[in-house]
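Feature annotation from Swiss-Prot assigns Zn(2+) binding site to Cys7, Cys10, Cys26, Cys30; the stated evidence is sequence analysis.
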Amino acid sequence: MTLTVKCPQCQKPVTWDASSAFKPFCSERCKLIDLGDWASEKHAIPVKDDISEELLDQLGYEEADFFKTAD
């Protein structure tokens, strides 16, 4: 049995098998459009920040100065 899915970008049907070079996308174009959306942050994985300042203090967390610039 062959599985058919919808391309996440354009919704065209895509056959899901070894011959599908761009799965789950229908083409390289749709694949690159999706990559561009991730790179421009149109897509993002939601993050829930459960770590409170108090917990960070208890763990001895100190903010790294590596990326800070001198003012």
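From the backbone N, Cα and C atoms, a Cβ is placed for every residue, glycine too.
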Message: Sequence gap of 6 or more, Cβ distance under 8 Å: name the residues on the same chain that satisfy this around Cys7 (Zn(2+) binding site), in order along the sequence.
response: Pro13, Val14, Pro24, Phe25, Cys26, Ser27, Cys30
Query: According to DSSP, which of helix, strand or coil covers Cys26 (Zn(2+) binding site)?
result: coil
